[in-house]
Amino acid sequence: MLTLLLIIPLVGALMLAPMQGNTRQSESQMKRLALGTSLINFVLSIVLWGEFDSSTSEYQFTQEFNQVNFCHLHIGVDGISLYFVLLTTFITPICILSNWDNIKEQLKYFLMCFLVLETLLIAVFVVLDILLFYVFFESVLIPLFLIVGIWGGSATRVRAAFLLFLYTLFGSLFMLLAFLVIYYNVGSTDFQVVSLSEINLESQKLLWLAVFISMAIKTPLLPFHVWLPRAHAEAPLAGSVILAGLILKLATYGYMRILIQFLPDATSYFSPLVQTIAVITLIYASLATLRQTDFKALVAYSSIGHMAVVVLGLFSNTIQGIDGALLLSIAHGVVSPALFILVGGVLYDRYHTRTIRYYRGMTAYMPLFSIMFFVFTIFNAAVPLSANWAGEFLCLAGAFQRNPVFAVLGSTGIVLSAAYSIWLYNRIAFGAWSKYLNYTTDLTRREFMLLLPLLFVAVVFGIFPNIILDSIHASTSGLIYSAS
């Protein structure tokens, strides 16, 4: 079944390759083919979820195809990777729908990039080999670079694409060196073999630092955060959705799968340092969010703050913290794309400006938009009965067990998150109608149907977070106990 999840998007991309998009009918056929392919993959992932046994921490649905001297194609999922696979197949059709009407140039290649990107992301989460993990982890940059550089929103899009590409590629060179050293010492790149091997603490420290630099850039943590706001500001809407919904989650997965599982002693040693960086990043990003004038940059900085809370929970080295980090990652992967669709899609498509000061009084003329914007804004602020709140609470509870100071400082992020969320909604929704804006229509049917599944998932996982927590508990517990 995992093989099908990897192959189906590639088949869809190959079917798109010979098609010509010279007419409106042919463009519609290409979009329907890409959307249908991604929906088939989503249904298949739901079947995978239904057949998954959450009572064990072992890898399931494993398949092994060939073996060579240095790596082999071995795939499988556990409770940790399963939800990242589900998130990938859920977000991809939303990406395709989000730019359904406003990509006119090279549409075929735009759709092919997203289908190839879906395969690469799923591969990152299911491969059980550190070298293949690195290959797919870095291969994601190629379609992402094309998406931002070709279909971005302004003349500086190429610069933003290069910034994204070079920043993340530079950090990953250290990770490659670390993986080669692990292979040299252990004699294998298989996850299970590496996790059972014993590496002395001094070697672990060097390997840990090399991998951490790569993950810190992808998260991103201070001071490696510069690329993300620029990439979000220049990316097309679908690019922003996949950046917030999926690309940032690669770091979350890498922290759990590589650092905590394979280098546990070094993780314990460096945890206070990482939590300090996470708290500084959280406070800095939240304060920077209050100063933004571009609403895509504002949502981007809020994402940095939320990912800092994820890191704070992960490096508490507690079951509660890691459970909360995974739950918050999934919640952020749903809520943040919805905010980008609302401000970077609905508003920008109508008025073609991202400057917040031009917007005011939207409640009177776009009531449905205002309701949706209010719901996702308060979810982003982690109000009770939202999945963000459950995730942040568990992250802070885990941090409190290790060091109450980090938990108290991290809690300031909740206050600042509420501050910028309330300010943004009040600025856009209320007040007299702006003289800079023409009257326009409310949410279209496509926009509403695009937001509805995101709203459904955010509400269900907010009211019933145990749907996720119960099924990941065995895997996260196994992660902690095997590390200890």
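Cβ coordinates are placed from backbone N, Cα and C, and glycine is handled just like the others.
Copied over from Swiss-Prot:
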type     : residues : note
TRANSMEM : 33-53    : transmembrane segment
TRANSMEM : 77-97    : transmembrane segment
TRANSMEM : 109-129  : transmembrane segment
TRANSMEM : 130-150  : transmembrane segment
TRANSMEM : 162-182  : transmembrane segment
TRANSMEM : 236-256  : transmembrane segment
TRANSMEM : 270-290  : transmembrane segment
TRANSMEM : 295-315  : transmembrane segment
TRANSMEM : 326-346  : transmembrane segment
TRANSMEM : 365-385  : transmembrane segment
TRANSMEM : 405-425  : transmembrane segment
TRANSMEM : 448-468  : transmembrane segment
For the transmembrane segment (295-315), which stretch among 77-97, 130-150, 326-346, 448-468 has the most Cβ pairs under 8 A?
326-346
Contact yes or no, the transmembrane segment (33-53) and the transmembrane segment (326-346), 3+ Cβ pairs under 8 Å, gap 6+:
no
Establish whether the number of Cβ pairs under 8 Å between the transmembrane segment (109-129) and the transmembrane segment (162-182) reaches at least three, counting only pairs separated by 6 or more residues.
no
If we skip the immediate neighbours and take only residues 6+ beyond the ends of the transmembrane segment (236-256), which ones have a Cβ under 8 Å from one of its Cβ atoms?
80-81, 84, 87-88, 91-92, 94-96, 98-99, 102-103, 114, 117, 121, 124-125, 137, 140, 144, 147-148, 151-153, 211, 214-216, 218-220, 228, 296, 299-300, 303, 307, 310-311, 314-315, 322, 325-326, 329, 332-334, 336-337, 340-341, 344-345, 348, 479
May I ask for the residues of the chain that lie six or more residues beyond the transmembrane segment (448-468) and have a Cβ under 8 Å from a Cβ within it?
83, 90, 94, 97-98, 326-327, 330-331, 334-335, 337-338, 341-342, 368, 372, 375-376, 379, 385-391
Per Cβ pairs under 8 Å, the stretch of 77-97, 130-150, 162-182, 326-346 packing most closely against the transmembrane segment (365-385):
326-346
Using a Cβ cut-off of under 8 Å, list the residues of the same chain at least 6 residues beyond the transmembrane segment (162-182) that approach it.
130-131, 134, 137-138, 141, 144-145, 148-149, 189, 194, 199, 203, 206-207, 209-211, 213-218, 224, 226-227, 230-231, 262
What same-chain residues lie close to the transmembrane segment (326-346): Cβ under 8 Å, and 6 or more beyond its ends?
80, 83-84, 87, 91, 94, 98, 232, 237, 240-241, 244-246, 248-249, 252, 256, 295-296, 299, 302-303, 306-307, 309-310, 313, 354, 369, 372-373, 376-377, 379-380, 386-388, 390-392, 394-395, 428, 443, 447, 450-451, 454-455, 457-458, 461-462, 465, 468-469, 472, 476
